[in-house]
Each structure stands twice: as C-alpha cells, then as structure tokens.
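First the structure, in the form of structure tokens, and then the observations on it.
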C-alpha cells in the first residue's frame, strides 16, 4: 500500500505509522513460520479446523476510557507468540489514539473557524443590504428631480418600486421594505446552507433595521499589503477603520472572504482525506494481521474505529457541503462549476509540447554555443586588439543573460528536487493554488532567454564581419538592449500570457523588497532579497547598460563609464543595496517578532555591506597607497563576513551542525536518506563562500581576462545560492512538519469590536 504518497507532508507525523505496524506484523509472521518448521503444524491445523467448524473464540476486547482513549485487550497471550501480537495491538492502540486525538482537535478548530466565518458572512450580507438601500434611495431621489432617465429606471426593477412609492406621496420605506424582501427571497435559505442553524440573518428578517445593528458593532480591517496599514502596525496604531459603503470596499471585502473560503475549504478537504487514509491504513494492517494469524480481529477493531470520532464524525462533510453551497450562492451567483473551480482548482496537466519545447530550446542552446566557438575560432574575431575592446564592452552586456539563465536553471533544479523529496514549496512561498510553476516551465523560460541571447551574440558577430552590414555598427550594438527591453516588457505586460500570476507575484515581492522595511516581511520577500544578494554582478550589469547606452558609448564601442564619478557612486549603491535591504528586513522582523536573532542576522548583512563598499573603493580608487589600505580592510571584513555567513547558513538556515542530533552534526530529520549529501553540501558552501571573496579582493590572473574572472566568480555564487535554496526550504518544511503547519493564515475583512 503506497500510503505515504497520498498524505499531507506537513501532517506526516500525525498519520498512522503504517510502516512500523507492518514490521510488527512481519515479526508475527516470522515467528509463525519458525514455529511451523519446528512441529507447529498440528496446533495451526487445529486452529484452522476450529474456524472451519464454526468454533471461534474472541481474540480481542475493545473498550474506551472516560478520557476518550481506546484500549484493546488481547485475549490470546497464553498462546505461543502471543507476546508478539500483544506488542502489535499496544502499538496499534497508540497509533489509533494519536490520529483520533489529532483529528478531534482539528475538527474542533474548524468548527470554531466556521463560526467566525459565519459572522463574517453576516457582516458581508448586511454590508450588501446597506449598500443596496443607499443606492436605492439615491437613485430614487435623483429620479424625483429628473436626474435619472426613465430608461435607466426601467433597468432596475427595485428602483421602480421606490419611484411608485414616492409618486404616491408616501415615504420611501415601502420601497426599502420591498427591496429588502426581494433580497431575502434570494437569501432566505442562508441558514440552511451555512455553518450554524442559529444565524443572525433571522434577526434581520424580523426588522428592516436589524442589519444596521450588525454593522454598528464591526469595523473593516485594513488590507494586509497596504503600506499605510503596515506603517501603522510598526507605530502601534490601530489597523481598523470605520465602515465606508463603497463598491471598492465591497470588492476588497469579497476578495478577502473568497481567500478565506478557499483556504477553509482546503483545510476541510485535508481533514476528510486524513480521516479516510487513516481508516484505510488501519483496515489494511488488520487485514494483513488476520491473514497471517487466521484470526478475526479486524471486524471487532474496525467497529470501534467506526464508532470513534475519526470514523463516525460527519461534521467535516456537512461543513464542506455547506461551505460549497454558501460560496457558490454568495460569490458565483449559483454557478457551481465556476465556484468549485475556485474552491478546488484542478491540477495542471503536463503538456507534451512544453517538454518538447524545453528540450528543443536546450538543444538549440548547445548548438548555438558550438557555433559561437567555431565562428570565433575560424574567423579569428577576438584578436588581441578586438578582444580587449569586446570583453570590456559587449561581454558585460551579454553576461547578464547568462547569469539570469543560470539562476533559473538552478531554481528549476530546486523545484525538481523539492518535488522529489515532497517539500511543499508552493505553500511555503504562498503561491496561489494551481499557479505555481513546475521545473519544466522554469527551464523553458531560462532556455528561451539563453537561446535568444546566444542568437544576439551570433548576429552581432556576423554583422560585424559581413561587409554589407559593417556600416550599421550602431545597430549591431543595440541588439542586447533590444533583448533586455523585450524581457522587461514581457515581465510587466498585464495580459494573461506568459505566466501572468507568477510574474505578478514576482513583481509584488520585488516591490516589497525594495520598500523594506515599510512592509511586513514574509518568507518570499527575504528569499528574493537573498537571491539578489547572489546576483550583485547582474545588478552592476544593468547599471552598465544604462551608462553604455544612455551616454552614447555604444556608437564607438567604448567604455568610459568608470571615468564618471556618478557611475562610480551608483556602483557603490547598486552593489550594496541587496545586502542593505536584507538588513532592513531583519530590523523589521526583530521589532515585530521580538527576536534578537534577527538582530544578529542584520549585523551579518551590515558586515557584508562594509566589505562590498571597501572592495568597490579598492576598484575605483587610482591611488596605489590608498588601494593597499582598501584591500587590507576589505580582506579583513570580507573574511569576517564569510565566517559569519557560513556559520549562519549551516546552523540557522539549514539547521545543521547539531551535536546532540541522532544524526551526528546534522539534524534529527533528514529528507535525503544519504547523509553524505549534507556533508558534501556543507563543504561546497564553505568553499564557494570563500570564492566570493574574489569579488572584494579582486586578484589578477595574467592568463585570464578580468571580466572572465568576474563572470566565473558570479556564476559560482549563483550555484552556491542554488544549493543553499534547497536546504533552506527543506529546513523550513521540516519546521512546518514539526508544528503541523499546513495552512496559511488569512486575514478577514471585518473586525467585531465585541470580540476584543
């Protein structure tokens, strides 16, 4: 039974330990076979004859205590091998009580959450009613003064009711009452489909002003992502605002409640699956036991399971049905297909054309690299004079795409291995269900960028050597700029193409990182900032793009950027910004979480900022005496940074180097079964960390061009980051498993004052 492949990885410790129970059954079977080999056939055959003749005796006796703990008494301990079976039933009881207790606790949690969502729905419906009433009165008043045309009035039947009441000389109350009754015709079965029979809507039906009483006791919670609300949270100012009845507010409220319903439905689905899989596991293991021992214990034990909360509770199913009915009615206008697609998105199908396209682009990249090497060799393009000029100008432009492609390849490898070892990366990053990219999609994007960049390089070299296009040198120099602009356009295009949800998620996270510490720091925010820390050379290349094309150097293929004081100043800022952004994020987390460890982490990034700035000072300063000082100080601070960062990587980010662990110098829980992988990863991390010091110390190699050394070191840092990514998320996943954290917290739109 492939039991482990179906359960939620965050709850894996709460499931029946089927594997261990199976080993106990094998022990019983091994003893039975050993007994049979030594003359135990007679007793076994007599047992079989008794069963065939209908003479059966009870094997087990099940009971439950006042503390809702189930116990099994094994009645055949006097038989040979009875002690093995006794151990089996004791462990079976422990496993069953564990899952039953966990399930009962989770059911209690979802019932409480259902009550909270119930109150939120009351407030939403009251909000809608209030808006409808205000809109009706407003339209009726405008119609009375001739502002609204008869055609517009005819479109809204409820407005017509109000007009008739007003024209008869009566008050608008009749119209309001009629409109309210029409609304409740649609909402009259709200109590039947939602969570609790005692619903505040019944009070609303008894009085036209009852819903106002609900609205009087609530306020709107500010949107979680809003800059203002996050600033207020740091300043300890209330994040609750008075109700404003506008369509924009209604839209935001509905969006939040939709997210809450989706997450709540997902939790119910997990619980339903949890109950089914555990009952199935218990049934399977007891069937195996009965088959080996020729007893009939499964029937008695499964009766106890069926009577327990795990086997008999129908609260989850009822809640799920009610949630689905309410969601479909309130948010999709009764369209069940649309509603269920939102609540339970269908998994994406693997498309063969994606596999083919990814492989095709990978083959194209390999062919283009071979062609590039052949062209450079045969045409002798990069001669002594041209090589220096090309390496100082065109190489930094094109290496940008190489760094991006390499990083995406490493990320694709991360996704592949996360899936292999069941790391729930989509939950950790907070991706919307069904929108996360797979490793093939990431490879497709990365290979597309790589293939286009190589095509541009070949086109550039070919246009330079071709007499017909040699006069268009300025145009050939613009090819990398055109590609960079095309990438930027694809990244920000608002249309639903090119993985829009992933692009929007990336841009939102990037904005949060740039605006640190004004936004609450989440894992995607600091994870992206860490990626940019390893892409410092890419950021410098972008600055070089602005200088090279903005100041017109591309027309003569000259690099005069480093002669500019402005360029050198921004070089400091660009190089240090990712690390400084991480420092600000650490400070924000330290203030919010009251965690001093975040302060130490922030100090680590400040040391890196100092080391990077000293390295930049050594690079741009022409005075040899000062260069020696900059290099010495840079070497000291970079060595401090490397030691500090290496320790933090291994101990805090990866959770390794635990002396008291059952896996010496690693950690208790390891997803990869081969421990040597962790040792190798630690060694590689240390070596590549020290290789990073080359960016600060800038050692010269006579046989290798400086730009080549820079590109190699930057690539090694990207590879190190890719390795770091896997173990960082593995550790985060194991923390979630230890805390049974399988669902994200969702902010609700309404805040009931009486609750606080």
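Using the three backbone atoms N, Cα and C, a Cβ is placed for every residue, glycine included.
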Just checking the record here: does Swiss-Prot list residue 431 and residue 500 under the same topological domain, which would place them on the same side of the membrane?
yes
Swiss-Prot tags one of 356-376, 419-439, 503-523, 524-544 as transmembrane segment - which one?
356-376
Can you dig out which of the ranges 593-613, 656-676, 677-697 Swiss-Prot describes as transmembrane segment?
677-697
Of the residue ranges 478-498, 562-582, 709-729, 730-750, which one carries the transmembrane segment annotation in Swiss-Prot?
478-498
Over the topological domain 'Cytoplasmic' (698-756), what is the model's mean pLDDT?
85
Per-state residue totals over the topological domain 'Cytoplasmic' (698-756) - DSSP helix, strand, coil:
36 helix, 3 strand, 20 coil
Is the transmembrane segment (397-417) close to the transmembrane segment (478-498), in the sense of at least 3 CB pairs under 8 angstroms with a sequence gap of 6 or more?
yes
For the transmembrane segment (356-376), what are the same-chain contacts with Cβ under 8 Å, counting residues 6+ beyond its ends?
382, 440, 443-444, 447-448, 450-451, 454-455, 457-458, 461-462
Which residues, given as numbers and ranges, are at least 6 beyond the ends of the topological domain 'Cytoplasmic' (418-440) yet have a Cβ under 8 Å from it?
9-10, 262, 266, 345-348, 350, 354-355, 358, 412, 499, 501-502, 505, 522-524, 527, 671-672, 726, 729-730, 732-733, 736, 742, 744
Looking only at the topological domain 'Cytoplasmic' (418-440), how are its residues distributed among DSSP helix, strand and coil?
10 helix, 0 strand, 13 coil
